[in-house]
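Worksheet: one structure, shown below.
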Amino acid sequence: MKQTIILLYGGRSAEREVSVLSAESVMRAVNYDRFTVKTFFISQSGDSIKTQEFSHAPGQEDRLMTNETIDWDKKVAPSAIYEEGAVVFPVLHGPMGEDGSVQGFLEVLKMPYVGCNILSSSLAMDKITTKRVLESAGIAQVPYVAIVEGDDVTAKIAEVEEKLAYPVFTKPSNMGSSVGISKSENQEELRQALKLAFRYDSRVLVEQGVNAREIEVGLLGNYDVKSTLPGEVVKDVAFYDYDAKYIDNKVTMDIPAKISDDVVAVMRQNAETAFRAIGGLGLSRCDFFYTDKGEIFLNELNTMPGFTQWSMYPLLWENMGISYPELIERLVDLAKESFDKREAHLI
C-alpha cells in the first residue's frame, strides 16, 4: 500500500509564490511507486483549500492552485489535512510557514512532518536570535547591529555608523528569500532601508557589507546530520535579491564551488555545528560568505530551502549522488524517525 505525502504549499508570507514553485517541483519528482500525493493550498488570507491528489506522475499541463485560481468550494478546516499514517511535507517558506507555527500545528495533530521542529524552525527564522546562538557556538559571523521597533532610530543609526562601515545591508529579522533586504551606501539610504525592512518585521538587522563570494552547504539528517560539498551562487546583479533568485534568473550555480579543500572542510564543519546548535532536524541549507581576505562568515541557516528545479539545495545533493526523488524519500523517512522519537518522549 502506498504511503501518503501531504504537500502543504502557498502560505501567508511574502514568499508564497516561491512556495508554489517549490511544491510543483516536489509533486513532479515524487516516486509514485511508493507514494500518493495530496495537496493543500494555504491562501494569502490563511484559508486551507483542498486541491489536487496524484497517484501517478502529473502531466506537464497539471498546475497547482494559486491565489489567482482558488476554488473556494474546496475550502476546508485546517485540521482536514489529517490522515493517519500520512507524512506532511510543508513546502512553506518564510513567516507562518517555516517559523514554527505550522510545525506546532502539525504536532498538535500528531502528524509526522518533513523538516525542523518548532524550536529550531522558529529560532532559525529569526536572524537576530540565530546570530546570538551561533555566537555562543563559536561560529564567525559578519558584524551587525540589531534594531527593534520602538528603538531610537537616530541613536541606532549612530551605533551602526560607529560599529560598521558603509556599505551595509538591512534585513527584516524574520523573513527569507532576500525579501525586504536593501544595500545602503550612506545614511539617507540606510534610513530608507530601515523603513522598508520594518514593513516586513518589527525586528531588523543591519549587517556589515563584505566583498565576498556566496557559498552554500546542504544538510540532511536528524541527529547524524551529513553535509554536502559547497556550491557557489554566481551573481549577475549587485546582490542576490528576491527578483534575482526567483523571477529574473540572474544567477547561476557552480557545484561544487571552486574553493580549497581547507575552506571546504571549515564550511562543512561549521554548517554541521550550526545545525546541531539550533537543534535542527531533517534538512537545512547553510549560507556562507567567503571574503576576498579569506574570511569565512556564516550568513544564515534556511530550514526549508527552496525546492524549485533550479534551487541550490537539491542540486547540492544531486552532486553527492542523491537524486531529487531519493532526496524526497529520505526526508520522508527522517520525518517518520523524528516523529517516533518525539512521541516516545511523551511518557
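Yeah, the Cβs are placed from backbone N, Cα and C, and that goes for glycine too.
Values in this document were obtained by computation on a predicted structure and should not be read as measured data.
The ATP binding site annotation in Swiss-Prot covers 161-216 and rests on sequence analysis. The secondary structure of V168 (ATP binding site), as reduced to three states from DSSP, is extended strand. Annotation for V168 (ATP binding site): spatial neighbours V160, K183, S184, L190, V206, E207, Q208, G209, criterion Cβ-Cβ under 8 Å with sequence separation of six or more.
Cβ neighbours of E300 (Mg(2+) 1 binding site) (same chain, under 8 Å, six or more residues apart in sequence): A124, K127, T130, C286, D287. The Mg(2+) 1 binding site annotation in Swiss-Prot covers D287, E300 and rests on sequence analysis.
For E300, N302, the entry in Swiss-Prot reads Mg(2+) 2 binding site. Under the DSSP three-state reduction, E300 (Mg(2+) 1 binding site) is assigned to strand.
Swiss-Prot lists 131-333 with the feature domain 'ATP-grasp', giving sequence analysis as the kind of evidence.
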Reduced DSSP assignment, V210 (ATP binding site): coil
Between E161 (ATP binding site) and N302 (Mg(2+) 2 binding site), the C-alpha gap once rounded to whole angstrom: 29
For the domain 'ATP-grasp' (131-333), mean pLDDT (0 to 100): 92
Neighbouring C-beta atoms (10 Å sphere around the C-beta of N302 (Mg(2+) 2 binding site)): 22
Euclidean distance between Cα atoms of N302 (Mg(2+) 2 binding site) and E189 (ATP binding site), Å: 27
